[in-house]
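The domain 'HTH tetR-type' annotation in TrEMBL covers D:12-72. Taken from TrEMBL, the feature DNA-binding region covers D:35-54.
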Number of protein chains: 4
Amino acid sequence: MPASPNPLRRNEASRRAILDAALQLSAEHGYGRLTIEAVAARAGVSKKTIYRWWSSKGAVVLDAIDDMAAVADYPDTGSLAADLHTQLTAVIDLLTSPENSAVTGLIAEALQDRELAHDLRERLIRPRITTFKSRLRKAQLEGQLAPDADLDVALDLIYGPVYHRLVFHLGMPDPQQLETLIDHALRAFDPPQSTR
Amino acid sequence: MPASPNPLRRNEASRRAILDAALQLSAEHGYGRLTIEAVAARAGVSKKTIYRWWSSKGAVVLDAIDDMAAVADYPDTGSLAADLHTQLTAVIDLLTSPENSAVTGLIAEALQDRELAHDLRERLIRPRITTFKSRLRKAQLEGQLAPDADLDVALDLIYGPVYHRLVFHLGMPDPQQLETLIDHALRAFDPPQSTR
Amino acid sequence: MPASPNPLRRNEASRRAILDAALQLSAEHGYGRLTIEAVAARAGVSKKTIYRWWSSKGAVVLDAIDDMAAVADYPDTGSLAADLHTQLTAVIDLLTSPENSAVTGLIAEALQDRELAHDLRERLIRPRITTFKSRLRKAQLEGQLAPDADLDVALDLIYGPVYHRLVFHLGMPDPQQLETLIDHALRAFDPPQSTR
Amino acid sequence: MPASPNPLRRNEASRRAILDAALQLSAEHGYGRLTIEAVAARAGVSKKTIYRWWSSKGAVVLDAIDDMAAVADYPDTGSLAADLHTQLTAVIDLLTSPENSAVTGLIAEALQDRELAHDLRERLIRPRITTFKSRLRKAQLEGQLAPDADLDVALDLIYGPVYHRLVFHLGMPDPQQLETLIDHALRAFDPPQSTR
DNA sequence: AGCTAACCGAGACGGTACGTCCGGTCTTTGT
DNA sequence: ACAAAGACCGGACGTACCGTCTCGGTTAGCT
């Protein structure tokens, strides 16, 4: 998220050192205790250099995460439920492991910073929503999901629970509970049986 | 979340002034810009007095919100879907209105602070989950929900979407979308029609 | 040169530590390399505490010097010329010794800072001019100086040379030269002999 | 004060632009607020170019002043006292006018920088001392000054007062006071009348 | 006339210190 | 006796300049 200076003259070594330092320090002491000061020191870089290219510590961490975590293809073993289970497990691990406090830290910060929120959504989340929907569309073609299922609703029902639990610290579902959740979420797209 | 001093000798007027100031300032400048310093000044209170009774700005704001928002009974008009719609709309308003930035601020802070997270869950959230489940149980008795429906799953499916959208700034559902969501969530508890 | 806070509540230990640190550091590294940052560190004091009571590093050093160097009586052995020699030698030592770089540093800074210049004049210089003039007045009573001699002119002629040499780094007079200078300066007040 | 690069290939336009910018900015904002950064920007020149040819901001300003103020002949109307008055008035104007803050700034900086002090003395001051002494020697030949008068002492007595007053901000002499000062200074070289 | 070394503009960089803000603790003072 | 008022240490903030360092692009003077 560069601001104004000439990106062509940017020092790639400094950029890498900054992003690496940000992730390391976040893992070591937690996102909350991360400071620009410490990142600069660890990276052997002037604070000015950080402020030249990023507008806040959140922006640095977002870049660092984005840089690290290339968008992976959605798992596809043929079984939609199994693939959702696999992928949700990965997400839960990411949100839960202490060394990835950067991710929840970023989520927390974005809740209070519109600009950061925008970048978080567009750069990290949107692409992953896209691959998720592609996987669902394939499932529709294969008859594992109703052809008229609203994929946005599916997104809400399948991923919503994880973030609801995250936000209120209700504990993440164990594999068994996760299977139950997925099962219910998918059943929501079965044709209605009766009026309610 | 008092710490140690004798609560009997506590000055109620100061307590009220502090909680009021915290909410006012949060509404005026946003939770992120809220400082203990400013609360003390606005409340006409020494910083010491704040630190005597609370451990962090999050704790103050939690108290303030708790104090303000008594646990309301879950709406009950007889129609489960309609009541869910009503209550979810209230939640969305709360999470969305700028003057209630204290709530999302608290959520954000709790993501990074285990102790605050614990208090947030136990004091604000748990009681509301309880009333929600009571309402569902009544619906089961009335036949609006399968008697064997797992109420924890219902909680996840019904409230999850809101927080998923909050966390990634995906936009809150409009009333129409909300109705669709509730409809799908409830359908997840219909008896299965076929093997999947 | 306090700004606004309540001087009654001032911490004397901090004040002393700051002034001592300023003089020490000035002697060690030179006034030019003196920083508020280093003074705070050496004094074990928050930078805020320094800025609370002083407006600039010059103001701190002025206080430190003022605190250290009480106004001494002008030497008085009965011989005006000898006493001037004694006192001028002391001034030259002060302006010359490396460990007193604080004094010339202050002079330099005052050349660029009107407020500091004002304080330097009123607090350090003016009182010493007063004692100097008193000594001259005594010499007048004793017949060592013409009774109608203009004491401001005498001040200029006697002290001027030192500062002229200081400012342009022309080298301070050795004791012999100093005697010659004083002799000439005093002779300027002899009654005129002839028209010029 | 060139350092090492080949002076033959030097860009005269850049040199002029830098010196002009230095004087302009010094006049506009004061020597103290002058920065190499700003000079480079105003002159449309790279900072590197400045550092290539000068060692400090003081060196730049010294060059600028030297460039501007060619050494003028000492005034010579036949009356020594009148000529001294004329020339001292010019010096006082130079040291007093706000737009010439560069001069006092340079003096201030030289008080803290031996190398700059050396250059200031040798390039600006020494030549002017030389012309001053020449004027005095002529006065000696004409019988306006004792033939055995020590010209260094005369320099001290005549110019000293101005710098004493500059350094301690005692106010410059008005024309009347200046005449008195010169009169006394010259009288110091009259033959002694009596033992003192 | 062409080559090449240098100077040049631009400006990113590692640093140092700035002056400010706020967190939490401790002290003084008035009521 | 209690708090209010607020001074205090500490530490991070974001900024300003420092002086150094590439970059390409002129430009000058020697082949």
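Along the chain as shown, the residues are counted starting at 1.
Even glycines carry a Cβ here, placed using N, Cα and C.
Using DSSP to sort the residues of the domain 'HTH tetR-type' (D:12-72) gives these counts of helix, strand and coil: 48 helix, 0 strand, 13 coil.
Away from its own ends, the DNA-binding region (D:35-54) comes close to residues 1-3, 5, 10-11, 14-15, 17-18, 20-22, 24-25, 60, 63 of its chain (Cβ-Cβ under 8 Å, at least six residues beyond either end). Each residue in the DNA-binding region (D:35-54) has a pLDDT score, and their mean in this model is 96.
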